[in-house]
Amino acid sequence: MSLFPSLPLLLLSMVAASYSETVTCEDAQKTCPAVIACSSPGINGFPGKDGRDGTKGEKGEPGQGLRGLQGPPGKLGPPGNPGPSGSPGAKGQKGDPGASPDCDSSLANPERKTLQTEINRIKKWVTFSLGKQVGKKLFLTNGETMTFDKVKALCAQFQASVATPMNQAENRALQSLVKEEAFLGITDEETEGQFVDLTGRRLTYTNWNKGEPNNADSREDCVVLLRSGGWNDVPCSSSHLVICEFPV
């Protein structure tokens, strides 16, 4: 039996089968030819171009960024108020005894002698120009006149007292300084007619002028030395020469 008559028949069967598959694909897809639609997926193409920017969105809530670096130190502020005092510290230990001042005293003696010599020289100069020295008293005047209370205050300022003669020699020394009436440290302010010195002691020496004291107008409670050397009672509010008495 020959094979060639069967070949056309075989080809016809294959075409019929192929056609049958094509019709079935159209019924399922109903689009492009069955050969393209029913073939295997192709290879992916190149990416397309970027699309246009969309519309601008609404502003978002503020966010918190990363913590920055520490900044430089600021300027110094004003000083604060002083704080309260602290508690007292513990008592320290007793210190060692100090060095003996023997050497210092030996050096001070010559200096002390020099100073005393200078003081004596000044005393002599002052006595010669403005005062008189009698025994252990030095009488000095500044040549001013003032009331009795001011005379007392001025003499006290120099650790002295108002001149008070206790004997004839002292009275003569004061008389040599007087070119006008000078206050003496004698009053009867406490008891009228009873004259005492400024310490309250009764007088053991007096040299009243004739007819004195007379307490004229009942207000003469102080005493002045006249140029003649005699004494006279006067009002304490009157102004007379200042003479102070210094111990020597």
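For all residues, glycine too, the Cβ spot is worked out from N, Cα and C.
Looking up C155 in Swiss-Prot gives a disulphide bond to a cysteine among C32, C38, C236, C244, identified as C244. Within the set C103, C222, the cysteine that Swiss-Prot bonds to C236 via a disulfide is C222. Of the given residue ranges 112-130, 131-149, 188-206, Swiss-Prot assigns the label coiled coil to 112-130. The Cβ neighbour count for P88 (4-hydroxyproline), using a 10 Å radius and every protein chain shown, is 6. When the disulfide-bonded residues C155, C222, C236, C244 are compared by the number of other C-beta atoms lying within 10 angstroms of their own C-beta, C236 comes out lowest. Assigned with DSSP, the residues of the compositional bias 'Basic and acidic residues' (49-61) fall into helix, strand and coil as follows: 0 helix, 0 strand, 13 coil. The residues of the region 'Disordered' (43-112), classed with DSSP into helix (H, G, I), strand (E, B) and coil, number 11 helix, 0 strand, 59 coil. According to DSSP, C236 (disulfide bond) sits in a coil region rather than a helix or strand.
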